[in-house]
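> Sharing a structure, written as structure tokens. Questions coming.
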Amino acid sequence: MDSKEYLISYGWKEGEAFREGGLKRPILVKHKRDKKGLGNAPGGNDGEAWWERLFDGHLKNLDVSTDSNNGSIKFTQNEAVATAVSKSSSPLYRWFVKGEGLKGTITNLGKKEEASFVVSSASSSKGKKRRRRDEDDNKVKRKKLKKDKKTSNDSESKKKKKKKSKKESKKGKKSKHSSDEGDKSKHKKSKKSKKHKKEESSARRDRKEHI
């Protein structure tokens, strides 16, 4: 179906918009026909060649020479190459599990011992620092546990003392109450005995008067 003829059949003219104030030209779209990533400028640099720079830096630190007698190639490393990011500080490198290296055709015949010594000393110093940090952390944790135990023991002893003081106060109140009741009963008995004596004396007087 031809879209142009279809629109002309409804009264549309070429070069005019469908409505008043509408677009007279179509929206231009840039088609991407290459296989590069999004956001890449056409004709620009595809990316920084970081791998080439790193490879060249490693090659500069290597000394490759041939032996005149045997005709073999000697592979020596002059300096220990330091990485840009330290293994201890990088959070991604901590979870990285290092596997076996790829074996090449060139054997390490004349490798110097100084580079290996530097690497081993650095690794040993890192291990010592980690051990010291772990020991310090353990000491701090032990001190905190001791403080918590002391505070808990002090609180328990205070609670026990409060309970004992409450019990003693209750016992003292009970003893006072019992002593007060005993005094009241004694006072009542003394009053009754006095009344009884008065009645007996009055009865004796009456008997004497009758006689």
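Cβ coordinates come from backbone N, Cα and C, glycine included.
OK, Swiss-Prot features for this one:
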COMPBIAS  116-125  compositional bias 'Low complexity'
COMPBIAS  140-149  compositional bias 'Basic residues'
COMPBIAS  158-176  compositional bias 'Basic residues'
COMPBIAS  185-197  compositional bias 'Basic residues'
COMPBIAS  198-211  compositional bias 'Basic and acidic residues'
REGION    115-211  region 'Disordered'
> So how many of the residues in the compositional bias 'Basic and acidic residues' (198-211) end up helix, strand or coil by DSSP?
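Per DSSP, the residues of the compositional bias 'Basic and acidic residues' (198-211) fall into 13 helix, 0 strand, 1 coil.
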> Which sequence-distant residues neighbour the compositional bias 'Basic residues' (140-149)? Criterion: at least 6 residues beyond either end, Cβ under 8 Å.
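Hits for the compositional bias 'Basic residues' (140-149): none.
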> Is it possible to list how many residues within the compositional bias 'Basic residues' (185-197) are helical, extended or coil according to DSSP?
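Summed by class, the stretch gives 13 helix, 0 strand, 0 coil.
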